[in-house]
Amino acid sequence: MSSLKGKIITVVGSGLIGRSWAMVFLSGGYMVKIYDNKPGQASGAITEIRKQIEELQQANMLRGNLTAAEQLSLLSSHDDLQQALEGAFFVQECVFEDLEAKQTVFHEVENLVTESVILSSSTSCLMPSNMFSRVQNRTRCIISHPVNPPYYVRLVELVPHPETLPAVMDVAYSLMTDVGQAPVRLRKEIDGFALNRVQYAIIAESWRLVQDGVISVKDIDLVMSEGLGMRYAFIGPIETMHLNAPEGMVDYLQRYSQGMKRVLNTFGPVPDFSGEPAARIIKEICELIPAEQEHLTARRERRDQLLMG
């Protein structure tokens, strides 16, 4: 990827995710053109990016090897899409989460760039086969789904369209690695990708346990923040299985697979997150917040330190 240093990346959309992506790419030494179809929005985004980058430098938390001034010199704003796309080798779309809006963006972008330009979307849940349905050459299309905020949480899910070329995945993977992100490759598209599927599974069972009167809101959150979360901050679930038995994964499955299946078979249906259970859980949260305000404030500060550390 060293040959790409100094090349241009166009960020389409100047909201929170677009600004964060711009900062990530700048930290890696790439020229970034940020575009928004609302006049003045892109230039306003630069003002906000400048403020954040300068504050990060003052706090000794600026990513990359370039100074704030050097990074900002690589950034420009554009109200004209064609001008914003000139010279770009990679386009990162960051408009709001609406299928038709994103399809329109990629239809417009494709008509203004060469065949070699990679078209990437930040969508968190829209399937690539739907997202890129209006693109003629889908071999260069990919989802690069970040975790919000991308500047501090480095995971990026790379999700291919069924027609995406392996070389496109390789370039996206190298780019994300080069700018300090932690990319993971999905081998095929699936609704919700990987992160949200795991996240929703945790949310659903946590909700069921509270809904069924097994545990309180406060305590189920502690199960994650002081239990599983502490473990999973260092190793993932599959590695945990391998390390939690003396003889590794084979031993773990011999010891625990029957118990896992028994417990999993007791899981209830998918919650609808509404009605009386939702009202009861919301009430419990509202009652918890005033009593735990100091504790919650401290936890937010700890969270922010971890994210930015």
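Quick reminder: no glycine exception, Cβ is built from N, Cα and C everywhere.
Automatic prediction, not curation, is the source of TrEMBL annotations.
Copied over from TrEMBL:
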- 9-188: domain '3-hydroxyacyl-CoA dehydrogenase NAD binding' (DOMAIN)
- HIS145: site 'Important for catalytic activity' (SITE)
- 192-258: domain '3-hydroxyacyl-CoA dehydrogenase C-terminal' (DOMAIN)
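A mean pLDDT of 97 is what the model gives for the domain '3-hydroxyacyl-CoA dehydrogenase NAD binding' (9-188). Across the domain '3-hydroxyacyl-CoA dehydrogenase C-terminal' (192-258), DSSP classifies residues as 50 helix, 0 strand, 17 coil.
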